[in-house]
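Please read the structure below before turning to the comments.
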């Protein structure tokens with residue numbers, strides 16, 4: 001699927017692509033079910049939650065499962081800063097795409113260098129000439145490398161500071177994956193973020209993933225400027241000069257309570273205070 005997008009390929013003004021959330025941890029997949037509006041979960045054209053291994057997901061895609069139809073996908077690698085594929089979901093990528101030869105090729109595509117946590121690099125698998133990778137690619141066109149740890153030497157999560165070590169890194173990784181998704185894909189496969197070696201509790205990870213996904217799916221029902229404001233308050237960087245009057249007027253039109261927005265506490269408050277569910281169903 002290539003070429004320019006027309007209005008029929010847009011959802012709320014953003015490119016329609018199926019989001020496939022995939023994880024082996026049932027706690028994670030159940031939390032996704034709870035935190036993402038049912039209107040999206042029930043409409044598998046836009047979102048699917050897969051409880052199981054990457055291999056089982058790929059098997060269903062290879063069989064032409066109607067839920068996973070599509071010709072070109074990207075998959076998120078939420079690993080380390082050096083591109084090693086030694087654990088967690090990255091280990092599944094390692095095994096699926098060809099083991100050590102694939103890891104060597106993948107790291108070469110990343111320049112063999114350090115990539116900062118919070119960065120994102122798109123790797124085109126069509127450039128890989130490894131026989132096993134070519135054989136198993138099955139529509140996976142890209143890997144989006146989104147480091148969540150420098151190295152898996154110790155958990156990043158500190159229960160004394162859940163915002164900076166949990167909510168924020170997960171949101172940044174999810175937002176980066178969505179913002180860097182190539183334009184010529186039908187779908188994006190994303191595992192649970194930071195719930196493995198990074199040690200972020202699933203309830204925190206899933207909340208930030210759901211918030212990023214809601215912002216993305218809201219499309220042009222929420223202006224870019226207001227999205228910036230919502231992110232600023234979700235991550236608890238309250239700075240009034242970055243909250244323009246136009247966004248306050250927009251909040252009133254969308255039914256977002258400005259005072260509740262300004263006092264939003266990510267540890268206690270529901271994300272519906274920032275993005276009312278009705279906004280997400282306007283074009284479904």
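Every residue gets a Cβ built from N, Cα and C, even glycine.
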Going by the substrate site in Swiss-Prot, where 23, 55, 80, 148, 195 are listed, which of the candidates 90, 138 is also part of it?
90
Tell me which of the recorded positions 128, 136, 145 ends up closest to residue 195 (substrate binding site) in space, Cα to Cα.
145
Overall pLDDT of the domain 'Macro' (34-230), taken as the mean:
91
Counting distance between Cα atoms, which of the recorded positions 128, 136, 145 is nearest residue 90 (substrate binding site)?
145
